[in-house]
Amino acid sequence: MILEANMNNNLIYDIDLSKIPKHIAIIMDGNGRWAKSRFLPRAAGHKAGVETIREIVKEASRLGIKHLTLYAFSTENWKRPKPEVDTLMKLLSMYLQNEVNELHKNNVKLTAIGITKELPSICIEKLNYAEELTKNNAGINLNLALNYGGRADIKNAFIDILKDYKSGKIDINDIDEGIIKNYLSTKSIPDPELVIRTSGEQRLSNFLLWEVAYSEFYYTDIHWPDFNKEELQKALFVYQNRDRRFGGLK
Ligand code: IPE
Ligand code: IPE
Ligand code: MG
């Protein structure tokens, strides 16, 4: 149901603010198609996508979401033509540079998952700075998935588990699902209750493979640069009206 107006909370959808998911993960897709439909270069779509990030972080924070993971660059995105990869890295570096003070002022804690050591050094430096500056902030955790791949993350967890097994730090009998989670790059955040993908594709593209076991999925045809706070509210409204069973009966 769309509300006529809810002046108190600025909500256009009838969302229960006491039942907001702790963690929302978003596959920000469709920058290229957004640009193409406007006869613009793909880079213009990526640039417009950064604006959407600003709006969504603000709205997610306002709605009380604790963790917001944004899929910004996958381990497979290196396959794109070098000029596009360079543009994406430049935009990441600019985003970190331009936003870090504002994020800090708004009590946002910035973190990253993925093989960040393979990013260009300028991005690594800015990322380290932003993470260090904001590490004690108690507001929303903006978690950027950068050079992230679910399979790579699980593979790295395997390696670390085997190392700790070899050194005697863990025993085979210790290994349970909770221990495995502790070796993933998402160890300090809960699994996402809701995964949103923009731009019509209905696939995971190697995002959070372990963590999405019982996530709700929300797909929209809207391209990421056109996604906005109302669309986020709509996704939350749909989510809140789902019947989550976790394999049981309800
Ligand atoms: C999402 O938009 C941004 C990244 C994957 C980095 P795309 O660049 O994938 O846009 P489409 O899917 O080609 O429209
Ligand atoms: C997924 O989008 C990765 C990000 C949004 C960063 P892609 O555009 O790379 O995914 P595919 O290639 O359509 O599966
Ligand atoms: Mg895409």
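Backbone N, Cα and C atoms are what each Cβ position is placed from, and that goes for glycine too.
Any TrEMBL annotation is an automated prediction that lacks curation.
Per TrEMBL, active site is recorded for Asp29. Spatially close to Asp29 (active site) yet at least six residues away along the chain are Arg197, Thr198, Ser199, Glu201, Ser205, His223, Trp224, judged by Cβ distances under 8 angstroms.
The feature active site, proton acceptor is assigned by TrEMBL to Asn77. Long-range Cβ proximity for Asn77 (active site, proton acceptor), meaning a same-chain Cβ under 8 A and a gap of 6 or more residues, is found for Val85, Leu88.
Summarising the annotation, TrEMBL assigns Mg(2+) binding site to Asp29, Glu216. Taking all protein chains in view, 18 other C-beta atoms sit within 10 angstroms of the C-beta of Glu216 (Mg(2+) binding site).
Classification of Leu204 (substrate binding site) by DSSP places it in coil, neither helical nor stranded. For Leu204 (substrate binding site), the same-chain residues lying six or more positions away in sequence with a CB closer than 8 A to its CB are Ile27, Gly150, Val195, Val212. Residues annotated as substrate binding site in TrEMBL: 30-34, Arg42, His46, 74-76, Trp78, Arg80, Arg197, 203-205.
For the recorded site, Arg197 (substrate binding site), the DSSP three-state label reads strand. With respect to ligand 1, the binding-site residues Gly30, Thr75, Glu216 contribute Gly30 as residues with a C-beta closer than 6 angstroms to one of its atoms, given in sequence order. Secondary structure at His46 (substrate binding site), as computed by DSSP, is helix.
Look at the binding-site residues Gly30, Gly32 and count other Cβ atoms within 10 Å of each Cβ; Gly32 has the fewest. On the backbone, the CA of Glu216 (Mg(2+) binding site) and the CA of Gly30 (substrate binding site) stand 21 Å apart. Around the Cβ of Thr75 (substrate binding site), the same chain contributes Gly114, Ile115, Asn147, Tyr148, Gly149, Arg151, Ala152, Asn206, each under 8 angstroms and 6 or more positions distant in sequence.
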